[in-house]
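Novice: Attaching a single structure in structure tokens format; questions to follow.
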Amino acid sequence: MESPIFILITLSFFLQSVLASSQTLSNSSTICKTTPDPKYCKSVFPHSQGNVQQYGCFSIRKSLSQSRKFIRTVDRYIKRNAHLSQPAVIRALQDCRFLAGLTMDYLLTSFETVNDTSAKTSFKPLSFPKADDIQTLLSAALTNEQTCLEGLTTAASYSATWTVRTGVALPLVNDTKLLGVSLALFTKGWVPKKKKRAGFAWAQPRSGSSTHTKPFRLFRNGALPLKMTEKTKAVYESLSRRKLADGDSNGDGDDGSMVLISDIVTVSQDGTGNFTNITAAVAAAPNNTDGSAGFFLIYVTAGIYEEYISIAKNKRYMMMIGDGINQTVVTGNRSVVDGWTTFNSATFAVTAPNFVAVNITFRNTAGPEKHQAVALRSGADFSIFYSCSFEAYQDTLYTHSLRQFYRECDVYGTVDFIFGNAAVVFQNCNLYPRKPMPNQFNAITAQGRSDPNQNTGTSIQNCTIKPADDLVSSNYTVKTYLGRPWKEYSRTVYMQSYIDGFVEPVGWREWNGDFALSTLYYAEYNNTGPGSNTTNRVTWPGYHVINSTDAANFTVTGLFIEADWIWKTGVPYTSGLIS
């Protein structure tokens, strides 16, 4: 039975359709033509006229209601099947419960925002950044539901008699369709038209700005301009063995570019810190901070930390700094072969917004024979990884959702080793395909954009793509590709990067026959190196060699609209194309 508030929203839908004379009124058949599934869309709405904003509010609210129902269903199945001998089944349901909770948060924020724009007689447009925020949340909500569905489908194959397929997975299919409708109507009704061009993100230019900019800090120095109290500073200096001068900002002084630290705890395996493991330090961090007092810093000294760490959504504004790549190492060995879902195989997982990691190695040692085994998964909005390394084989780095930035990082893997559906930029990184099992190939990326209205994609800018040492010395031939389309609207761009000659001349590989070859968006711009020649590249309809105008859509300010969240961390970045 629908809640009273949902009934109220439904009545409001009819009243607003009468009063909104300043908006273009249409019936559901007309409105639904703009959605991915018009037939399903028409089955959702009342048979009355309204404008796209009213239909959008209605569908987002209904998505929220369905999300609540789904959580109750999952809870019931977890309780009912707690005795099952197949751990993958329970883990898939637990993933779904976790993801559904996040989806509810995203939908509630989205509904409150769009509902505030719809007055009785007029419509108030959203700013460019606010529209991008909501499109990002709806895109992530859709990704969450599809991640759940994939996990359930895989888990259900373990038992032919298990009812999860009909009891949980099938209802979720319709919920996913409804979210696609909500995202499509939001994109049509609220996202500025210029931003919607070809589904690209668009950045409103700042005064005097250019699409070509220079990085403002040195490549790979791994140090941030931190500002902290004398007490906190003494703790940091004693462990890091790095003296922080007053106004430590490369000589710039405290000009607003310093990174404010609210407090610090330390992790050291020899007992000289506050904690001997990272998990305990994370638990000690404050909950739901707004960042106004700065970042909560966890300093992790050198050591091999065999832990599975999850940074929950309430641990906002956390910064974790290690002693360097291959010095501070977080390692695990979970894999799909051993009964974990891909989602929860991650050694390190982060959901909390505004998370920053510096000078840390994240590793999964399961090995190529264990197939999917994630080193790090990020579904954290505004998450940043600076001077870190990620080491595994298949599915090393899961850039799951929301907005992410990687600077001066090393990523090692084999099959689909950078995958997911975030809006993510890799800058000045090193991507190292390594030796897979015999008869396997390497695919650097497997981007998971499943809907044309998702503002997601993978941008690889000013990076170096070279073979890892074990691939160079391999005693059998291995083919390496820039990527393959995991989902129908997969979107990946390589630009201004060095591509070594070991990459196959065709560049890209099919996923399965002609799947997604017309709907994907793969592009290359101004790359160098013996593997960058596009003469013999694939001839798919979705593959492009682009110019600087199109490439600018995949820079930091193109994909993210605003970059203040990066600037406030002190992490260096290039906002546009490199001159």
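Count begins at 1; order follows the chain as displayed.
Glycine too: its Cβ is placed from the backbone N, Cα and C atoms.
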Novice: Per Swiss-Prot, which of Gln372, Gln454, Gln461 sits in the substrate site along with Thr342, Arg484, Trp486?
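Specialist: Swiss-Prot lists Thr342, Arg484, Trp486 binding substrate, and from Gln372, Gln454, Gln461 it also lists Gln372.
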Novice: Measuring C-alpha to C-alpha, could you say which of the recorded positions Asp395, Cys409, Asn547 are within 10 Å of Thr342 (substrate binding site)?
Specialist: Asp395
Novice: Just jot down the residues in the same chain as Asn326 (N-linked glycosylation site), at least 6 apart in sequence, with C-beta under 8 A of its C-beta; none if empty.
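Specialist: Non-local contacts for Asn326 (N-linked glycosylation site): Thr361, Ser389.
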Novice: In sequence order, which same-chain residues at least six apart have a C-beta under 8 angstroms from Asn27 (N-linked glycosylation site)?
Specialist: His47, Ser48, Gln49
Novice: Return the member of Asn274, Asn526, Asn547 nearest to Asn174 (N-linked glycosylation site) in space, with distance defined Cα to Cα and candidates limited to these glycosylation sites.
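Specialist: Minimum Cα distance from Asn174 (N-linked glycosylation site) across Asn274, Asn526, Asn547 lands on Asn547.
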Novice: Let me check the 10 A CB neighbour count of Asn174 (N-linked glycosylation site). How many other CB atoms are there?
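Specialist: Around the Cβ of Asn174 (N-linked glycosylation site), 13 other Cβ atoms lie within 10 Å.
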Novice: Taking only the recorded positions Asn333, Asn475, Arg484, Asn533, which one has a CA atom nearest to the CA atom of Asn462 (N-linked glycosylation site)?
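Specialist: Result for Asn462 (N-linked glycosylation site): the nearest of the recorded positions is Asn533.
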Novice: Rounded to a whole angstrom, what is the C-alpha distance between Asn475 (N-linked glycosylation site) and Trp486 (substrate binding site)?
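Specialist: About 29 Å separate the Cα atoms of these two residues.
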Novice: Considering only the recorded positions Asn115, Asn287, Asp395, Cys409, Cys429, which fall within 10 Å of Gln372 (substrate binding site) when distances are taken between Cα atoms?
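Specialist: Within 10 Å of Gln372 (substrate binding site): Asp395.
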